[in-house]
Structures are given as C-alpha cells and as structure tokens.
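Heads up: the structure comes next, in structure tokens.
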Number of protein chains: 2
Amino acid sequence: MSDLLERLRGRGWRMTSQRRVVAEVLGGEHVHLTADEVHARAARLLPEIARATVYNTLGELVALGEVAEVSTDGRAKRYDPNAHHPHQHLVCSGCGTIRDVHMTGDPLAGLPQEQRFGFTVSGAEVTYRGLCPSCARGPGPDPGPSRAAGEGPEPA
Amino acid sequence: MSDLLERLRGRGWRMTSQRRVVAEVLGGEHVHLTADEVHARAARLLPEIARATVYNTLGELVALGEVAEVSTDGRAKRYDPNAHHPHQHLVCSGCGTIRDVHMTGDPLAGLPQEQRFGFTVSGAEVTYRGLCPSCARGPGPDPGPSRAAGEGPEPA
DNA sequence: CTAACTGCAAATCATTTGCACGATG
DNA sequence: CATCGTGCAAATGATTTGCAGTTAG
C-alpha cells in the first residue's frame, strides 16, 4: 500500500506524525482528493493537523514527484498519488470526480467503452507542458514573470 | 476578425457596449488572456467597465461555446476565442503563457519540432471530459454536487 | 416599457505566508 | 541541541454575488 512511506523515508524525508498521516491518506491507487479532503481525512487520524500543514506537505510531495497535481478547471486541485504509473484522467464536468484511464494512440479518436466507467464522454483535451524561451533562461534575477504573459504588443 | 460579434448577435445575444468591447478584445486568433488582462484591455476602450462584468461576460461566452476556458495549473484561467478550430495547447510552466499547437496521432510521442516555438517541452497530458453517471442524470433538485466528489466510502 | 445588463463593494474559496513553539535526528 | 516542521491566523488572488440604477429592443 504505502511504499510511498518507504520511498519518502529513503529519500531522507523527515518523518513526522502529520506527514505520515498525509502519506497514508494518499495511500491507495485510484485516489484523487482535494487538499481540503486530504485535510479532512488526515484530521480523522490526527485531529490537530492544520490545513496549512497539509498544503505544505502536498506541495512537497508534488515537488518530489511522488504525487501529481491535477487541476480540474475552476475547482480545487486534486492530488494523485499514482504518479509512478503513466495514465490519463477522465474528469466529470459536473462534480469534478476523477477516474484514471489508460489510453493509447490518438486520444481524439475517443475512449474505449470499457474505460468510460459509465461516464458520458464529451471530448478529450491535450496539453503539452514546458518552458518558454525566456523562462528557460533560468529563473534569473526575477524579471517579473507573473503578470508578463499575454500583455504588451501581443507578439502572437 | 470578429465574426464573433456576428455570431453572438445572430444568437440573440443582447449587445451592450461592454459586451462588444469584451468580444473585440477576444477578437484575434491566438489570444489567451486571463480575465484580468481582458478587463485591462477592455478598460482601455471603455474605462468604466467593471471587472465583475468582464467575469460575467466571459462566463457567458464560455457557456455559449464561443470561447474556451483554459486552466493553467494554479494560475488564473485564460480564455481562448479560438474555440471553433480544434487545437491543443502548449503551456509554459514558468509564466503560464499559452501557444496553440496542432498535433495528430499519439500526443505522448512528442510534439514536432516546428510546433515547439522554442519551448523546452517536458511532457504531454491527456484529459477526457464528460459527466459521471450521477451527474448525467440531470442537475436534479440539487443533491449538492459541489462537495460530494471523493468523499465517503471511496467507491474507487 | 420591461427584462436584461451594469457597476460597485462586499463575500467566498482555495491557497500561501509570517512567526513563535515543538519535535526529530 | 540545532534544524526543520507545525499550528494559527491573517494576507492574497481569483472569482462570485447582491442590489439599485441604466439601457437595449
């Protein structure tokens, strides 16, 4: 279940009761909880845990590459501990629920019936991630990357 | 440029100066502005326009299917008026800038060199959208779809 | 004329941050 | 025992909402 704990310990991650609890909550295979849900569940095991600690911890797990962040449009991000097995997501536009799916080939061709979990699939979306030329030049002395995008004379 | 205006008018969309301005700002082909940027630009043409009006208007355009919402992780959503031509996005993890790209076949195979715009591409992400079985049963009398997902005995 | 749209400001929501205290290695 | 993690509460940033006034059709 939680090789996650093992892996983290191996990486010299300082183990505390709250971190352990967060890692346990994220233990399963097809879990996609929001930070708030993680906090709620963690609090069932360790009542005093603070929301901020959960956010911090989740952030670290993401930075370590042990957990993946999934943004479902305007809703709160969800955290996916299944980061070690490549897979795709099927997101419900109504409630934000996520299911892991496993596609191959052209995603725009549709999702195989047995991977739909009863969902009415309306479409697929492909997003490439990377660094633009200017951000790739290293963080630099802070040119203020925050508000820069899309402004100005619009080179697009 | 703005067949968008035409289309909207045709749909019986009540035309007001602020709505016109928002539609104009979204006129181009490769524009990906945040709500705040749309407001800033709109305000250059119509100083009194309120941020809330921009949000409302953008929301309606999205509902009408004339503009697509693009969420770039934790950052503010960006709005893409190019909703009528199917395409994918290349997002900069540094500053959130978006470029439209045009892939075919298996996205996990990588993005052709000439579509990278100088970006250092680190990966692709595929997300299917749809409605889960319970949300598909219609909005209903409001069973409270907001916080429901991911809670409970975890059917996953 | 009347329903629909605006503006403004206050309200939410998700997430982050500053700082003093406590626990780990 | 020094460092790193935690809790709390307040700060932020994005987006929404309530309500009275204005306007398109």
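Cβ from N, Cα, C; glycine included.
Note: TrEMBL annotation is automatic and uncurated.
Residues annotated as Zn(2+) binding site in TrEMBL: A:C92, A:C95, A:C132, A:C135.
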Cβ packing number for A:C92 (Zn(2+) binding site), 10 Å threshold: 23
Hey, what's the Cβ neighbour count for A:C95 (Zn(2+) binding site) at 10 Å? 21
Proximal but sequence-remote residues of the same chain as A:C132 (Zn(2+) binding site) (Cβ under 8 Å, at least 6 apart): none
Counting across all protein chains present, how many other Cβ atoms fall within 10 Å of the Cβ of A:C135 (Zn(2+) binding site)? 22
